[in-house]
Amino acid sequence: MNQQESQTKDSDKKTIAIPETIVIKELAEKMNLPVTEVIAELMKNGIMSSMNESIDFETAGIIAEDLGFAIKKSEEDKVQEDKVKILEKVLEKDQQKSETRPPVVVVMGHVDHGKTKLLDAIRETNIVEKEAGGITQSIGAYQIENKGGLITLIDTPGHEAFSAMRSRGARVADIAILVVAADDGVQPQTKEAYEIIKKARLPFLVAINKIDKPEANVEKAKKELSEIGIVPEEWGGKTIFSEISAKQKTGISELIDMVLLIAEMEKKNIVANYQREAMGTIIESHIDKGAGPQATALIQTGTLHLSDYIIVGDIHGKVKAMKDWKGELVTSAEPSKPVQIWGLKDAPKVGDILYVTKDRTEIKSLVKKHRLHSLQKKMDQQTAQKKTDDEQEKKKEFNIVLKTDTFGSQEAICESLDKLQHPEVKVVITSKGLGNITEKDIIQSDSNDSSLVGFNVVLTPQAQEIQKDRQVEIKIFTIIYELIDYIKEELEKILSPEIIFVDLGKIEILALFKEEKEYQIIGGKVSKGKVENDVLVRIMRKGEEIGKGKIVQLQSEKKNVREVLKDSECGLKIKSDIAIQAGDVLELYKEEQKNRKLEF
């Protein structure tokens with residue numbers, strides 16, 4: 001094939017727009033191909049995945065090309081990617097005229113391996129007991145002073161539902177601490193955290209935690225880590241390992257020393273220009289009913305001041321107030337400092353880039369541009385949803401109105417619910433929002449027959465009042481996996497039950513006494529089990545089923561009875577279209593319904 005033919009062939013390919021990561025099922029839908037075909041193509045490339053797993057843009061590109069498609073970044077991802085690139089270029093440029101800034105350290109690892117307890121030990125505060133269920137529910141960003149310098153710490157949730165939030169934490173960090181419990185070893189989120197660290201090219205060290213527990217096995221944990229490519233220095237590898245007990249505060253000082261050592265080695269990269277307009281990343285956001293939209297941002301370069309005009313995505317505003325991690329009001333935020341910001345017109349998306357502008361015209365034009373992108377995205381989503389609805393119209397639905405405290409929580413919950421794919425039932429989020437449950441939410445739930453599900457929120461007094469007159473189920477949770485379990489239980493309730501057949505016995509037909517239009521009166525002998533009235537029968541002739549029927553009357557010694565036992569003779573009135581003959585065998589059975597468990 002010559003070059004011209006190759007170019008013509010490439011130009012004939014249909015181009016699809018996809019985000020940075022995409023669920024395999026959604027990729028198949030975009031290509032209008034069976035999901036099995038996409039999974040088969042992934043297997044050819046050595047990737048074993050289910051239809052509900054996500055793949056990155058590069059992998060999707062390879063698979064799409066193999067299946068005859070070209071891909072491009074979705075418009076929203078391109079806009080966000082452009083902003084990230086601008087921030088990266090600014091950070092790179094600022095290195096030439098920059099000062100040292102505090103290192104940003106992200107703490108990562110599997111659920112319940114002690115990440116928050118470690119931060120608790122480092123800061124000697126009591127954050128861990130405030131976490132519902134002992135699992136961090138959103139990103140916490142804090143600063144500590146150690147040996148005369150500041151360190152910024154980011155705690156990322158370990159529960160599987162928070163994968164997007166873990167990735168976000170890594171993207172703004174300089175150094176990672178991968179926490180692994182000595183009594184539990186390498187677990188799924190350990191591997192995922194390591195993949196995020198590798199992708200972000202983060203310098204990192206490993207903290208083997210819980211060494212105080214009797215069942216701790218440090219050597220086993222090290223061996224498991226080595227098997228996934230994390231080899232300790234003492235074993236000839238390049239990774240620093242620290243053995244700690246966050247609970248007993250053992251080894252914490254040495255761990256911090258190791259973090260500072262890595263920071264010293266990376267100091268040429270841990271810099272920023274304090275004098276320029278601020279740029280940073282949104283770590284968390286929510287709407288406070290009293291104070292309005294609030295966002296937590298990590299400033300990455302420049303200094304943010306009160307009254308600065310800021311743009312975040314298609315949202316703009318003026319900084320009216322800022323608080324540091326201790327909740328104290330501040331007038332400025334320097335690089336590496338996490339701050340809560342008030343003054344935005346709405347709650348921004350987590351992960352969006354924040355930057356300061358002095359050009360009011362720029363605010364208007366950018367907001368207009370971003371709104372056009374948002375409108376197009378909404379239209380695309382509606383088109384995709386219509387297609388999905390058409391394909392899934394036979395599915396039974398469990399409708400919910402979802403209210404959460406923060407965008408991060410909402411994102412994690414929606415991500416988990418998206419994975420609950422089943423051919424017969426589905427969860428439908430009819431509406432979602434931030435903040436406490438209001439009377440409007442209850443009215444909306446009542447009107448569209450939805451359950452109201454809240455996460456880390458409460459009912460307003462007005463909502464409590466109106467709830468008395470409305471038959472709306474309201475469930476509020478503080479632990480995400482309990483919320484997901486509740487949704488699964490509700491989906492199981494609407495799942496059609498499994499019909500099981502229970503064999504009862506057999507009758508050998510001895511004689512046919514009378515035939516009516518729909519009924520036959522016959523005599524027989526119970527050869528196995530027992531006979532009950534009002535049960536179903538399979539009519540067997542020479543070992544093969546020739547039809548079905550139902551016993552509508554049962555007699556023994558010319559008296560109506562409810563059952564007849566083995567080796568007894570009886571008379572039966574059978575409802576069936578099949579003409580029964582002497583020598584036939586009736587197999588008796590009944591149908592029972594069994595509740596099914598969801599399998600995803």
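Any Cβ shown, glycine's included, is placed from N, Cα and C.
Predicted automatically and left uncurated, TrEMBL annotations should be read as such.
TrEMBL has this to say about the protein:
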DOMAIN    100-268  domain 'Tr-type G'
REGION    103-251  region 'G-domain'
BINDING   109-116, 155-159, 209-212  GTP binding site
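When Cβ atoms from all protein chains are considered, those within 10 Å of LYS115 (GTP binding site) total 28, not counting its own.
A strand conformation is recorded for GLY109 (GTP binding site) in the three-state DSSP classification. The binding-site residues GLY109, ASP112, ILE211 differ in how many other CB atoms lie within 10 Å of their CB, and the one with the most is GLY109. As a whole-number mean, the pLDDT of the domain 'Tr-type G' (100-268) in this prediction is 81.
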